[in-house]
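Undergrad: One structure is given below, represented as structure tokens, and several questions about it will come after.
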């Protein structure tokens with residue numbers, strides 16, 4: 001989806017950008033005409049004219065006349081480029097002289113890229129000995145130049161014969177002058193195609209930058225935020241290189257000349273941001289040697305930016321050094337990424353995007369310094385590279401996003417599965433506390449407490465010979481467990497009861513600890529819970545339809561208990577205390593010779609005297625008191641017990657009334 005949206009946005013950006021700049025009319029700069037007298041002293045210095053190889057020197061040199069320089073005018077344009085770098089200053093000015101042989105009175109345009117130029121003065125001497133001047137620079141009203149351009153553009157009306165054109169170029173920086181001579185038709189054609197390319201590239205990059213910024217905010221992923229920042233720096237550099245920034249600077253801020261140092265600064269900022277982009281994409285640890293190397297490069301780039309702002313003449317050197325180091329690091333990091341993840345296609349696409357970026361940067365840099373011939377392709381290499389890397393980076397980030405989303409979905413499925421399994425072991429409030437960062441040992445109380453303990457058992461379960469006997473046992477235990485969880489509140493830690501352990505055909509549970517009872521006392525709630533257990537038991541016994549009567553027995557005691565966790569993994573929560581033992585003994589009281597014996601022939605609830613005395617009067621009415629002898633009390637492990645109380649569930653109106661009221 002990310003890749004599809006990126007592709008649509010790129011197409012949209014290309015369309016909108018091309019529509020914005022395509023068709024802009026060429027309105028050449030109207031420079032003021034100066035008199036010869038006031039500029040006579042300015043025209044002195046060194047001159048040389050060579051076709052396609054204009055070199056600037058300090059000393060006086062002879063110049064040659066080029067008679068055939070404009071034989072093919074007005075078909076297309078011709079390029080002249082300075083091949084020399086670091087020429088130094090000639091009293092802050094340099095000079096060029098051209099001789100142009102024209103066969104007619106032609107209108108031509110002379111353009112000089114002002115990357116390192118602050119002002120240009122032009123003198124034209126026609127065959128009729130007429131002389132006029134034009135001047136460009138900070139004094140020029142940029143509103144007269146609506147077309148984005150970083151070139152000084154001079155319209156020159158030639159006369160038939162030999163025309164002499166002299167330039168005076170001023171600036172504080174290294175002079176590197178791409179001079180172009182245009183026919184009127186050639187300039188129109190070039191400007192339309194150039195505007196088309198610039199608009200398409202800048203439009204597509206702006207839209208992608210904004211889109212990835214939105215993605216970064218939504219996903220909180222540094223890879224997309226650094227990619228967005230990287231794209232914005234590319235847009236800024238393209239805007240400066242092709243003059244868009246200059247036009248907007250004048251239109252909105254009335255700044256007629258942007259310092260040439262800004263171009264070098266934007267290049268180094270782009271290199272700095274590219275470092276952030278690569279580090280976030282490959283997740284390079286800062287403490288690794290590669291992370292340390294990138295950090296050192298970032299520090300070097302920042303220092304270079306600051307140093308260049310102070311010493312402008314060193315900006316080109318800083319760009320060259322930082323660009324070379326960045327090229328080496330980018331190539332190495334990309335190759336290491338491919339080697340370590342050979343099966344990831346998006347890594348290869350990402351590396352291809354950086355390779356394109358490096359090739360474009362090297363081409364532009366060496367063209368700027370004159371080591372590569374300046375032609376239409378090398379002039380516009382930024383545009384091709386920017387759109388190409390935009391496509392490749394978008395594809396690679398789409399692949400990474402898909403891998404991330406797939407991995408997230410897998411982790412989410414694993415996590416959900418794990419939590420579903422944990423729900424079988426832990427209570428919901430325990431899982432919630434663990435999610436919030438708590439430990440297992442803090443999710444259940446471990447302080448001493450008091451609770452009513454119920455021991456439930458199916459009488460003579462081993463003698464039940466039925467093919468579904470095990471299903472019968474499981475159904476009873478499951479129903480009773482669900483009854484324990486009724487009214488469970490994970491915030492207030494309330495529940496009808498807590499299952500301590502299962503014992504095949506029975507179980508132990510506690511009421512009042514570790515969970516508080518929803519209402520009433522623990523003895524009353526324990527008895528009501530026993531009545532609900534009996535109802536569940538009876539319903540399942542009817543479904544079994546066994547030939548003999550099946551009964552259950554329950555013992556209820558009140559006593560001290562305490563929660564604890566096992567010391568070694570796997571850690572489990574358990575209860576300990578004398579009440580647990582007493583509950584099993586009271587459930588098994590039916591096995592002691594007690595009088596009357598017939599009382600224990602059916603399903604019964606046997607409670608401790610303390611529990612009986614804690615019950616409300618209506619619930620105590622149908623209990624039968626059974627006196628205990630000392631030996632009988634000792635068998636119950638309750639030597640101080642004088643009597644116990646038994647409820648015969650077969651003939652209990654109290655139990656029937658309670659269950660009918662609950663059902664209604």
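Just so you know, glycine gets a Cβ as well, placed from its N, Cα and C.
Copying in the features that TrEMBL gives for the protein in this structure:
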- 196-219: transmembrane segment (TRANSMEM)
- 226-249: transmembrane segment (TRANSMEM)
- 261-282: transmembrane segment (TRANSMEM)
- 289-310: transmembrane segment (TRANSMEM)
- 316-339: transmembrane segment (TRANSMEM)
- 351-371: transmembrane segment (TRANSMEM)
- 377-397: transmembrane segment (TRANSMEM)
- 452-587: domain 'Guanylate cyclase' (DOMAIN)
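Explain the structural surroundings of these features, please.
TA: Proximity of distant same-chain residues to the transmembrane segment (261-282), defined by a Cβ-Cβ separation under 8 Å and at least 6 residues beyond the stretch ends, is recorded for 115, 173, 222-223, 225-227, 229-230, 233-234, 236-237, 240-241, 291, 294, 297-298, 301-302, 304-305, 308-309, 312, 315-316, 318-319, 322-323, 326, 329-330, 333, 337, 350, 354, 357, 396-397, 400.
Tertiary proximity for the transmembrane segment (316-339) is limited to same-chain residues at least six positions away from its ends with a CB under 8 Å from its CB atoms, namely 85-86, 174, 264, 267-268, 271, 274-275, 278, 282, 284, 290, 293-294, 297, 300-301, 304-305, 307-308, 347-348, 350-351, 354-355, 357-358, 361-362, 365, 369.
Break the domain 'Guanylate cyclase' (452-587) down by DSSP state and the numbers are 52 helix, 39 strand, 45 coil.
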Undergrad: Could you tell me what the rest of the chain brings near the transmembrane segment (377-397), counting residues at least six beyond its ends with Cβ under 8 Å?
TA: 2-3, 6-7, 10, 14, 178, 194, 197-198, 200-201, 204-205, 208, 212, 223-224, 227, 231, 234, 237-238, 241-242, 281, 346-347, 349-350, 352-354, 356-357, 359-361, 363-364, 367
Undergrad: By Cβ distance under 8 Å, which residues at least 6 away from the ends of the transmembrane segment (289-310) in the same chain are close to it?
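TA: Beyond its ends, the transmembrane segment (289-310) has Cβ neighbours at 261, 264-265, 268-269, 271-272, 275-276, 278-279, 318, 321-322, 325-326, 329, 333, 336.
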